[in-house]
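Student: What TrEMBL shows for this protein is this:
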- 12-31: transmembrane segment (TRANSMEM)
- 141-167: transmembrane segment (TRANSMEM)
- 187-216: transmembrane segment (TRANSMEM)
- 236-260: transmembrane segment (TRANSMEM)
- 272-289: transmembrane segment (TRANSMEM)
- 340-359: transmembrane segment (TRANSMEM)
- 371-390: transmembrane segment (TRANSMEM)
- 396-416: transmembrane segment (TRANSMEM)
Amino acid sequence: MKRTVVQKAFHSVFFILAGSIVGLLALLLVFCLPLEPMRLHVWQSLYLLEDEFGDSEMISGYPATLTGNFTDCLMLENAVYQNEEHSLLEQVLYMYRKESGQGDGWAAGDSLVDYLEGVQQPREVEYARYWHGYLVVLKPLLAVTTLGSIRIGASALQLALAGFVCLECAARKRKMLGAAFLLSLPFLYYVTLYTSLSLSICYYIMCGAVLVQLGLHKKMESRGWYWEFFLLLGMVTAYFDFLTYPLVTLGFPLCVYLYLSSDKPKAAFVKALAFILSWMIGYGGFWAMKWVMTDLLVGGNVILDGWNTLLARTETAQDQNILSGFLSVLKQNLSVYDNWGFYLPAVGIALWLFGLLAGCRKGFRMDSVKYMLPFLLPALLPFIWIFFTQNHSGQHWIYTCKIFAVSVFALICAFGKGIENYVRTD
């Protein structure tokens, strides 16, 4: 069922407004939970966090294996902080916490320890730019268990999600899609995700989205639901994520859509462009609604602060023009793959794919290439993202680099789609 531009615009506005109300109510609800069990469990987890204050790399010398200790400590303090001077609504929207860092700097780990130990802290800070939707999940978990248990559970959940995706692909006779998913995971530095609260959020969202597609693709495609699907994906990402590597929640589902689509390549490509726009509207619109709601409901200058931060994060790399800055930041992000741990898998994947092509009995038809071309769009998304977010991608390259898993997934999917088309028409 086709929808007009006006209908899509109406749905977008409705979903963003309704989602903002639901998101705020969910946060208000979890902030009513008792804090003492949460504080106790975070206190019991301090030994684990303090061991990582000085060295948050899971594998020493490999920066991209970081545990995300700094941001995780922010998240944990946000989960247990309370100041009677602020109303419930003010705390939820401004996300106040105590800070022990000197000057304008933040010392997240020390601040968390000092707060739990009752040490006098020099100032209170806020972090109103983000939704902090992760607290909807984190606070209930902390009410019943410690960070160590959460990490153990996360490792099992992350493995299960990857397994379910591969099983669903196999069940639908899309083994190449499952293989592409599995082979792209190392480029997310998957092995370290379980250690980080903040750096695993986008993985959960991405896997959930892919599983929905595998189960409901035909219905979503026939009823024209994909615009709303990508809109909601952008909204959910803005709600839960800390601006880590959000592009994977767009890139992976986009590849899955292109792979499963029954449309001709040109039509699928045009729709994919529309879905990118939908995700951007959901992501940017829902994030902006947080600023608007905060200023409207409790007052302040969050809209101005958010806008200024957006401008800063999209600036060129320091002391460089836009092209040299892009190349510099790109090199920095790709440097995390500059080791034999990735050379060997990359060579193995390439040999496997060319072996499959060579196995085509009548030679690979050039007609199948047109089914591969739309995948260039998601494959190039990480490069486009870095071009427009040089400041952020340069400062946080140790985790923004994970977006290049999208390129790997897209390229393997492209070969899979081409080979699948060959088999279908042979």
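Every residue gets a Cβ built from N, Cα and C, even glycine.
Just so it is clear, the model here is predicted, and its values are computed rather than measured.
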Student: As a test: from 187-216, 236-260, 272-289, pick the stretch that has the greatest number of Cβ pairs under 8 Å with the transmembrane segment (396-416).
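Tutor: Stretch with the highest Cβ contact count: 236-260.
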Student: Please indicate, using numbers and ranges, the residues of the same chain that are 6 or more beyond the transmembrane segment (141-167) and have a C-beta under 8 Å from a C-beta there.
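Tutor: Contacts with the transmembrane segment (141-167): 33-34, 37-38, 41-42, 44-45, 48-49, 76, 79-80, 178-179, 181-182, 185, 190, 193-195, 197, 200, 203-204, 207-208, 210-211, 214.
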Student: Is the transmembrane segment (236-260) in contact with the transmembrane segment (272-289), using at least 3 Cβ pairs under 8 Å (sequence separation of 6 or more) as the test?
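Tutor: Between the transmembrane segment (272-289) and the transmembrane segment (236-260), contact is present.
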Student: Which residues of the same chain, at least 6 past either end of the transmembrane segment (236-260), have a Cβ under 8 Å from a Cβ in it?
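Tutor: The answer is 19, 23, 71, 75, 130-131, 133-134, 137, 174, 177, 180-181, 184, 188, 198-199, 201-203, 205-206, 209-210, 213-214, 217, 221, 226, 229-230, 268, 271-272, 275-276, 279, 282-284, 286-287, 290, 313, 374-375, 377-378, 381-382, 385, 392, 396, 399-403, 405-406, 409-410, 413, 416-417.
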